[in-house]
């Protein structure tokens with residue numbers, strides 16, 4: 001679709017030093033996107049975008065992902081109200097990853113009821129984990145209508 | 001290899017609320033890993049780990065990735081000296097992504113000579129970009145022996 005096309009990718013120099021966005025999508029047509037809280041800089045979530053959702057994100061100024069499980073465009077917060085207002089969007093040297101600095105509307109980004117998805121630290125090679133201080137901020141059942 | 005195995009994944013409740021690390025690798029055997037500066041919280045890079053590199057990261061306390069282009073274990077900084085000392089490692093709700101808080105040794109994480117890879121912001125739907133304040137910190141040619 002022409003509405004979701006981006007610049008064709010040039011050579012290494014153009015990709016790394018140029019100022020035209022030419023994202024590289026993987027073989028599934030996806031690019032990983034990391035949402036960081038624009039204020040606290042805490043990592044909120046890592047999700048994926050296809051060309052259409054990336055274009056919609058740029059147009060709406062709100063994060064729009066591609067749901068790999070539901071195989072559909074996923075306008076984050078469309079049902080819960082917990083939208084992510086995009087304050088800044090960046091790409092990396094080879095333009096195959098996205099960072100979003102967002103204002104998370106509502107109590108949190110994670111479907112488990114927490115502000116972000118990265119609420120557990122791995123303590124060592126034995127695979128034990130512990131919770132960070134990021135406890136539940138909202139009741140997922142009340143927000144999403146399921147427990 | 002038994003040395004790189006992790007916990008088998010349990011049900012949704014165990015994956016999301018449990019305190020045993022059971023990472024989900026994609027069909028290529030990889031999991032995305034986002035390195036954040038432990039001090040500034042700036043995003044440094046997004047790369048991938050396979051089970052062996054993830055295990056090595058946990059054992060060494062330094063970031064070890066899987067190079068998709070070279071198809072080999074990539075101990076970041078092994079040649080440049082710019083290793084990433086892992087201060088904390090987290091996983092997300094469905095355990096299919098990793099966040100590393102690292103102390104970046106040397107001037108920067110990015111092979112272009114910058115502190116991190118996300119040095120360009122996308123200004124709008126037209127795909128124009130601008131540089132962030134993150135200019136070159138080192139000469140890639142001097143560090144990596146090529147321009």
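We count from 1, first residue shown onward.
Each residue, glycine too, has its Cβ placed from N, Cα and C.
Because TrEMBL annotations are produced automatically, they should be read as predictions rather than curated entries.
According to TrEMBL, the domain 'Phosphoribosyl-AMP cyclohydrolase' annotation covers A:45-119.
The Mg(2+) binding site annotation in TrEMBL covers A:92, A:94, A:96. The Cβ of residue A:92 (Mg(2+) binding site) has A:99 as same-chain neighbours under 8 Å, each 6 or more residues away in sequence.
If you look up TrEMBL, you'll see A:93, A:110, A:117 marked as Zn(2+) binding site. When secondary structure is read from DSSP and collapsed to three states, residue A:110 (Zn(2+) binding site) falls in the coil class. The Cβ of residue A:110 (Zn(2+) binding site) has 24 neighbouring Cβ atoms from other residues within 10 Å, across all protein chains displayed.
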Cα separation, residue A:94 (Mg(2+) binding site) to residue A:117 (Zn(2+) binding site) (Å, whole number): 26
